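Novice: Once you've had a glance at the structure underneath, I'll fire off some questions.
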Amino acid sequence: MNEDTPPFYFISVCDNFRDNTAEHVFDMLIERHSSFENYPIENTAFINSLIVNGFKYNQVDDHVVCEYCEAEIKNWSEDECIEYAHVTLSPYCAYANKIAERESFGDNITINAVLVKEGKPKCVYRCMSNLQSRMDTFVNFWPAALRDMITNIAEAGLFYTGRGDETVCFFCDCCVRDWHTNEDTWQRHAAENPQCYFVLSVKGKEFCQNSITVTHVDKRDDDNLNENADDIEEKYECKVCLERQRDAVLMPCRHFCVCVQCYFGLDQKCPTCRQDVTDFIKIFVV
């Protein structure tokens, strides 16, 4: 393939991915470009498109790996719609979703590529994974008329950018703006990105797809709750926030001690045993 460095238009495609400076993005593109030296498909335009879409060659057949979500994909055809294949085969990839926002996919697109290794959803802004960190971003410039919504917006995984009423998800990087008083913040987030791993983990797939009606019950307004129900609620309250019910079993230690929302704010250590946490299983207490 061509030895030249990637054309500069790559930067304009990628520099809005907020977690990287333009200089760092360019360095990543150069590194990805170099990895395709011995790629079996010699179509330069196709290779450039793979690079733009976050892929590097892993030196096995025609397998490529996304630098952001680590999904591994093979069996490409030169007429493949790479953007569509990436976001379809790895729907949690924040980078693939950001590029797909700019695309208009037609109907009946055929995907020839095959997923070898599933991608892992990655948090874009780890520093904002803690609820209080997100709350703190609303201190300055947030519109006074929307001040009562700050807690709900932050709990839905969003932090304030300092511009108008623009908020961004700490996990998937989607942008939510033009808020109205008393809006359902979770529904707005899910509407912007129904594939957000944080929203899916907390609210469930059905909620994100708007296929069922979700009813929120506030126990403070429910006069029918008895003392026994209150005892159960206290028994299973999250050990971190002391407010929500536990619904996450931490892996691999299997301690049942936090809610899913607080799981995303952990320092990757179980609060009970301090063992490294690699994943969680969501459960429902009935």
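Glycine is no exception: its Cβ is also placed from the backbone N, Cα and C atoms.
As listed in Swiss-Prot for this protein:
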- 29-96: repeat 'BIR 1' (REPEAT)
- 131-199: repeat 'BIR 2' (REPEAT)
- Cys169, Cys172, His189, Cys196: Zn(2+) binding site (BINDING)
- 238-274: zinc finger (ZN_FING)
Novice: Inside 10 Å of the Cβ of Cys172 (Zn(2+) binding site), count up the other Cβ atoms and send me the figure.
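Specialist: Cys172 (Zn(2+) binding site): 26 neighbouring Cβ atoms within 10 Å.
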Novice: Take the repeat 'BIR 2' (131-199) and count its residues per DSSP category (helix H/G/I, strand E/B, coil), listing them in that order.
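Specialist: The counts are 29 helix, 8 strand, 32 coil.
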Novice: Around His189 (Zn(2+) binding site), how many other C-beta atoms are within 10 angstroms of its C-beta?
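Specialist: Other Cβ atoms found within 10 Å: 26.
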Novice: If you average the pLDDT over the zinc finger (238-274), what number do you get?
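Specialist: Its mean pLDDT is 85.
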Novice: What same-chain residues, at least 6 away in sequence, bring their CB to under 8 Å of the CB of Cys196 (Zn(2+) binding site)?
Specialist: Gly157, Cys169, Phe171, Cys172, Cys174, His189, Ala190, Cys208
Novice: As a quick check of your reading of DSSP, tell me how many residues in the zinc finger (238-274) are helical, how many are strand and how many are coil.
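Specialist: Taking the zinc finger (238-274) as a whole: 4 helix, 9 strand, 24 coil.
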